[in-house]
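J.: Encoded as structure tokens, here's the structure I'll be asking about.
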Amino acid sequence: SGESGAGKTESTKLLLQHIMNLCKGNSQLEQQILQVNPLLEAFGNAQTVMNDNSSRFGKYIQLRFQKNTVRGAKLSEYLLEKSRVVQQDTGERNFHIFYYMFAGLSSEEKEMYGLLDPSLYRYISGRFGTQDVAQRWKQKYQEVCNALDMVGFQEQEQVDMQAILAGVLSLGNVTFEPEERNGSVKVSEASRGWLKAAAVINVLRQLVCCVPCPPWSPSVSCCCLCADARDSIAKVAYGRVFGWIVCKINELLAENVDPEVELSEIGILDIFGFENFAVNRFEQLCINLANEQLQHFFNHHIFQMEQAAYKEEELPWETITFNNNEPILNLLLAKPLGLLSLLDEQSAFPQATDKTLVDKLNSSFKGNLHFQPGRGRVLGFSIIHYAGKVQYTAGGFLEKNRDTLPANVRGLFINSITPLLSLLFTGKSLFLLWLAGLLIFRCPRQHSLMMLMEKMYSANPHFVRCIKPNSQKEPGVVDSQVVLLQLRYNGLLETIRIRRDGFSWRPSFEEFAER
């Protein structure tokens, strides 16, 4: 754990390499496990203002062993930031894979996928990069292709996957305009070429039929409804591709041993770090909630359980106090009056707006030391997290929490001319994604985090705390104030004290007597 950009993903890769090096067993399986990380980084990481290779999802890698040999692995993913597919803030980029494709595909392949100059695409904000950057992306694209081959993806599956990604980009350029004769909405004349290029998704052609326009609604509102549905389709398509990749990885890395054989396990959690941007949205709230839960988990093991053991043993011990973040978790998670419960309640009301949500939060948490109403004209609120105060912009909270797709659009996906896209929306595929914990129909954010914490509390944890040396993303520079702030809010100064004053060696009675 640690801040965004502190080195969690790099530490995870080094730890995996070290464990695989110690195993020296099934060399092909070990190589496949090592290839999972670059593959997931391409599809799940992106450049942010805090980190050029920021994980926009959480992953839990379970390595399964028989004696000292790795026999299989399983991957779980949490809270992919799908909204990044359709919108990025200044100084940020979309997921890496889109840029890798533009840099790595040949002219013939780009023509096959209907890809034009990258500066034309709205979903990547018309930004590409310098020649040096493009060359590096080209190498990364080759690494992704090698990883897909190594892990075991078939050639046609890879083609279909890239066709869907190209279709998503073209989808973003489709715009809408009012139909003059009857007041309905149609695809604008200027974007009909993009509609044709997005035909691999085979959904937008009937999209305007799927978004009902109330008779009292102005055509401008209908255009916005169609644009929202377009973006929903793009997010869902990308999210399903990502989930399918994880499912496929798990199929290929599953252990092939007798069910009676008992396997031991090492799990590694690499999750997005605490974030505080100039503009913080629903995604940052979810990310920071996960970090609050991990901090509480850390406190529980390092301070509460440790000192309870000393008390039980009747050892002379002066209690060490620590910054307990339980009141913040209560603010966020309490039922029925916690922030997320109120968000779900408002999401269930069709007439509710982001403003009614903020009004509800302001009245419910008046006087709470960890909540502050928004100031000025920006609709929002602030939360005093364990790592500091974060101001959240409430725009889009309800829509993102609902995470809905027009009901009759799913049938259009099933009838797609791209076999993989059709597969991702059929009953069997949805069932497999659900079994893997990758598809949750109701409250995905809460259910996903709950599953993660259940895994954590059932394990014997070791904590790797990553410290960010400076805020400028510069190598070889240590800003002592930046480091000290992290040591303080992570509870590491208290941790050092409990480790120094506590009892680090705990032999069993038999071990002690024998010694």
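In case you wondered, yes, glycine gets a Cβ from its N, Cα and C as well.
Heads up, TrEMBL stuff is auto-annotated, nobody curated it.
What TrEMBL shows for this protein is this:
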| type | residues | note |
| --- | --- | --- |
| BINDING | Gly2, Glu3, Ser4, Gly5, Ala6, Gly7, Lys8, Thr9 | ATP binding site |
| DOMAIN | 1-515 | domain 'Myosin motor' |
| REGION | 449-471 | region 'Actin-binding' |
| TRANSMEM | 420-441 | transmembrane segment |
J.: Applying the rule Cβ within 8 Å of the centroid of the Cβ atoms of Gly2, Glu3, Ser4, Gly5, Ala6, Gly7, Lys8, Thr9, what extra residues of the same chain belong around the ATP site?
T.: Asn51, Gly273, Cys466, Lys468
J.: Whose Cβ, among the binding-site residues Gly2, Gly5, Gly7, has more other Cβ atoms within 10 Å than any of the rest?
T.: Gly5
J.: Long-range same-chain neighbours of Ser4 (ATP binding site), Cβ under 8 Å, sequence gap at least 6?
T.: Thr48, Met50, Asn51, Ser54, Phe272, Gly273, Phe274, Glu275
J.: How do the residues of the region 'Actin-binding' (449-471) split into helix, strand and coil according to DSSP?
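T.: Split by secondary structure, the region 'Actin-binding' (449-471) comes out as 9 helix, 0 strand, 14 coil.
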J.: For a quick check of packing: other C-beta atoms within 10 Å of the C-beta of Glu3 (ATP binding site), how many?
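T.: Excluding its own Cβ, the number within 10 Å is 24.
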J.: Mind giving me a neighbour count for Ala6 (ATP binding site)? Other Cβ atoms within 10 Å of its Cβ, every protein chain shown.
T.: 20
